[in-house]
Amino acid sequence: MIKWPQKVQESAHQTALPWQEALSIPLLTCLTEQEQSKLVTLAERFLQQKRLVPLQGFELDSLRSCRIALLFCLPVLELGLEWLDGFHEVLIYPAPFVVDDEWEDDIGLVHNQRIVQSGQSWQQGPIVLNWLDIQDSFDASGFNLIIHEVAHKLDTRNGDRASGVPFIPLREVAGWEHDLHAAMNNIQEEIELVGENAASIDAYAASDPAECFAVLSEYFFSAPELFAPRFPSLWQRFCQFYQQDPLQRLHHANDTDSFSATNVH
């Protein structure tokens, strides 16, 4: 049993938040007790510093708030919560939402269209999410909406716009860009061969470097067994940046489970 921090954010009724239940999602069960305790401490501070805003009738209870906070803090478990500076609100729709999108084509004509979005983030603005896709982020499938949007926030700490290169030492930028573009090309080649729907990694990763970093960050944490062997050099760069090794964590958890099973009488 994990011993939680004494100072826990409490509801209006002074009820302790349900961290133990919040941690029970598959994505977080591989963490050690020490990592889970550290993650809860960060998530507790996250809920103190950020405002979660439910929209369009979405009901936000304490368990949902805890799980949202835990997923936000997983990528910065070793980086620190200050890496999530730059926004103060998380807006949460019940389902994917419609936005007005404006874009300029190659000859300078401006177009407007309404599109359905799962999430959005801006450098100095709120993060916008939807609960249906947040729920789909609880497992180890390679999809994680919150980690995707957090990756964009981490990316923009390195400049005015997301580039696919987070804040890393300058001497490592060229190697990062080389490995990231190699991964994009590899994913694009698979798409051309088998089609977007049959591709083993989300085709969105091939659209541009910023999306490649965000999508592969999802796989880094929730499907490391797909990412690591396919892009080993880039995997090591992600491990150095996030200061975590989810594949090693997964193997350790599996070994522990196997040992426990063999010692059951």
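Our numbering is plain: 1 for the first residue shown, then up by one each step along the chain.
Each residue, glycine too, has its Cβ placed from N, Cα and C.
The structure displayed is predicted, hence computed values, not measured ones.
If you check Swiss-Prot, you get these features:
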BINDING   HIS111, HIS148, HIS152, GLU211  Zn(2+) binding site
Of HIS148, HIS152 (the binding-site residues), the residue whose Cβ has the fewest other Cβ atoms within 10 Å: HIS152
Under 8 Å by Cβ from GLU211 (Zn(2+) binding site), counting only residues of that chain that are 6 or more apart: GLY164, TYR204, ALA205
